[in-house]
Amino acid sequence: MKKKVLTKEDILHLAKLSNLKLSDEEIEKYLKQLEETVEYVKNLDELKTDKVSPTSQTTNLTDVYFADGETNERGLKLKEKYFIVKRIM
Amino acid sequence: MNLHGKSLLELKQLVIEKKISEKELNQYFLKRIRKFNPKLNAFITVLENNQLGIPYGAKDMFCTKGIRTTAASKVLDNFVPPYESTVTKKLQEAGMSVLGKTNMDAWAHGASTETSDYGVSKNPWDNKRYPGGSSGGSAAAISAYLVPAAIGTDTGGSIRHPSAWCGVIGLKPTYGRVSRYGVIAMGSSWDCPGPMTLNVEDNAYLLKQIAGKDKYDATSSSIAVQDYTNEIKKNKKFKIGIAESYFAGIDDQIKKHVYKSIDVLKKLGHAVKPIKLLPPKYSISVYTILQRAEVSSNLGRYDGIRYGNDRNFFGQEAKRRIMLGTYTLSYGYYDAFYKNAQKVRSIIIENFKSVFKDVDLIVGPNTPVTALNIGEFEKYPFYGELMDQLNEPASTAGIPDLSIPVGLDSNNLPIGFQIMGNYFEEANILNLAYQFEKETDFFGVIKKGINNYKD
């Protein structure tokens, strides 16, 4: 028999990590659907990747900062080291 | 004055020449929205009192100050953003105004708009069919001329796919060409806002307005923005590549129209040659893993404490994506899934880079089939992900990609054709599309679409 990729316990654990409340029906459904998806993406194993570096940013930007003297006009207004917000109480 | 079918730039000119007031213009489109939107459900929110600016539709993914922004999810049912996205701000500064927030798949998860918590949009060509997605409301709205242009977002095909199914022009720019600031985040390393229009010149014009470095989006690029409306009119000849791997499993009628369009390009003097691209199935897997991971992280912020409703309001598709993303990022699976997918992303990027040493542009079909009937998505594995298969490679690499209509199938449904270009070479893509438009007028598809919805 084919080894199961995911178990019901896995789904419950993922739901807990994701802070989602799932119905029994959803648990069954996601178990099946996630398994299908995980099976599909295994096609990546057909490619050799051991000598390839990962990409996290497609246009090769690194270390992006605000230019000197530029200010963040869209943030909350500051007075000395405090934020100025509307009165709450 | 008869305004029906006039392009965005034509309308702008009429306003400049004072032949029509902005108020009349807005009232004209509001009247059309009132008449046709109940049937098409292209808008989630309509700005009934809008009187100023050249009207356009913005996908409900763009934060608009003081205007409810839902991402088509009940989680954000009552969310009124306190700030404006860079794209809508730039368009405001260019004299345009949001006439309505268009419908979409909830959180932009999907290729149909059926995951919208505000009901599915209808394809203007056949109201029993999907408009495609996720920017389906935007595509339907311009195809039926409820607004002269719209803005969408594209993560794995969400501009190009509905553009193909509704028979309009949609551009996914290079990743980082257009700022993501104020766009509700889906897959942050993929999301690209872009224009959807009724002709190429309008598309070039809108791209020029919204493109450029934004200090509020660190991933936006400082590469200079070109004057696209001038660039498209230059006489250019291109080397164009065609990848056989993009034709596997594609509907015969679509193939026929795509080959016919390639003949048009040859006739225009462009050199066409075969190229080798990795099969799209690898991009589907990379996209599925990385995008779900980013979704699980981006949707983590919605707890209903600071704004919006709590996590019980998430729909099925969002929950499924959060679960899968959480799985691929979790301890023990990270290397096997997430990191491996990032590596294959490098391989796909290298594949495109080496092909672009040889050719200027790549063309091919945009979608494997034309618009499906509402309800049909359930039959397809992967919840519609395969509908985006031809769009996902360009998204994976971050290169620009345009969808144009090239004909109708036997059911009178539009057929899409895509033009991919090298990084930041939107000008070349739009130039080729403009040449194609001058030669064929898209075989009358766009005009026919508009004329299906007379005043």
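Quick reminder: no glycine exception, Cβ is built from N, Cα and C everywhere.
Marked as domain 'Amidase' by TrEMBL: B:52-430. Marked as active site, charge relay system by TrEMBL: B:Lys59, B:Ser134. Annotation source TrEMBL lists active site, acyl-ester intermediate at B:Ser158.
Rounded to a whole number, the distance between the Cα atoms of B:Ser158 (active site, acyl-ester intermediate) and B:Ser134 (active site, charge relay system) is 5 Å. Cα to Cα, the residue listed as 'active site, acyl-ester intermediate' and B:Lys59 (active site, charge relay system) are separated by 11 Å. Following the DSSP three-state reduction, the secondary structure of B:Ser158 (active site, acyl-ester intermediate) is coil.
Secondary structure at B:Lys59 (active site, charge relay system), as computed by DSSP, is strand. Sequence-distant contacts of B:Lys59 (active site, charge relay system), defined by Cβ-Cβ distance under 8 angstroms and a gap of at least six in the same chain, are B:Lys101, B:Thr102, B:Met104, B:Ala108, B:Ser135, B:Gly137, B:Ser138, B:Ala150, B:Ile151, B:Gly152, B:Thr153.
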